[in-house]
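Chemist: Below is a structure I'd like to ask you about.
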Amino acid sequence: MMGTLEGHLLPGMFFLIFSLYYSVLMSLALLRGQRFLKPPLPPREKRGHRSWPSVPVEGVMKAVISVIGIMAQFFYPPGENRLMMVDWEDPQRPFLFKDSWQHATMYGFFLVSGVVDILSQWCWARQNIKLERAAEALAFYVLALLMASHVENKGTLEIRVHLLLIVPVILLGLVLTIEVWAPDQPPLWVLKAWMWQVLGNWLLQLCVVMYVPPSGQPWKGDNPTDLAFLTIFFCWHLGFGAATVATVYGLCSLWHHHWSSWREAPGAKYQPCPMGSSSEELEKLRSGTELQDGSI
């Protein structure tokens with residue numbers, strides 16, 4: 001059971017923190033009517049000399065958490081060393097530390113996704129958003145495959161737990177795949193924020209569910225009541241994830257309207273410049289500016 005706790009706690013914390021961060025970005029983008037969740041970076045030669053503000057926070061988070069996770073799988077608790085993959089002294093050549101290598105593989109693909117984000121947004125001449133989404137989608141598909149193989153030779157309870165976990169993982173992978181070809185779709189932003197919430201909360205709750213069932217007694221994989229409650233508990237998490245996203249949106253809405261009213265000067269109102277093919281409205285704005293200032 002300790003392997004279950006260690007395997008779920010760190011990724012659960014990462015997914016939960018990232019989901020809250022992403023929900024805030026999504027909420028503010030919707031409230032501001034943005035076409036992009038985050039504006040794409042200009043070419044490198046037009047970014048100026050300050051490179052620190054363009055450091056990709058998401059990419060650094062993925063890379064750091066993944067490295068910590070890989071090190072923990074092989075060397076935690078201190079003194080452990082699970083790097084050996086095959087016991088060459090045994091004539092049957094058994095595969096050692098299967099769970100650790102599965103978890104390390106999962107972290108490894110998220111590490112690749114983080115490195116791609118960093119290279120695309122910080123190092124390359126032009127940002128490659130499609131490649132970023134493709135690398136992230138690949139990490140989730142690999143996670144789904146690992147979850148499917150992780151349940152082999154496991155009890156009924158663990159099989160049910162991991163099958164339920166595969167649901168938000170596959171949905172996130174599909175959303176990210178769609179974003180490769182159809183980026184910047186607000187409905188996909190909302191769906192992705194919801195699935196991040198479900199995934200993070202479910203992984204964290206597994207650390208409790210696998211140890212403390214509602215009856216206070218150890219879980220029994222052959223008990224239909226425990227299995228039924230597990231499925232019901234997951235459905236509650238679907239609703240809880242939606243409620244969390246809605247709560248974050250509500251708080252961001254209050255902050256957005258309060259901040260906008262505080263910053264807006266009396267008698268002055270911001271009007272976005274029309275960017276359509278017709279320049280009639282643009283000429284009217286330009287004429288009005290000439291009348292007020294005497295020049296453009």
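Positions of Cβ are set from backbone N, Cα and C atoms, glycine also.
Whatever TrEMBL says is automated annotation, not expert-curated.
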Chemist: Pick from 227-252, 253-278: which stretch is listed in TrEMBL under transmembrane segment?
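Modeler: Residues 227-252 are the ones TrEMBL records as transmembrane segment.
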Chemist: Which one of these stretches, 12-31, 52-76, 104-122, 227-252, has the most C-beta pairs shorter than 8 Å to the transmembrane segment (163-182)?
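Modeler: By Cβ pairs under 8 Å, 227-252 leads among 12-31, 52-76, 104-122, 227-252.
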Chemist: Which listed range (12-31, 104-122, 227-252) shows the maximal number of Cβ pairs under 8 Å with respect to the transmembrane segment (52-76)?
Modeler: 104-122
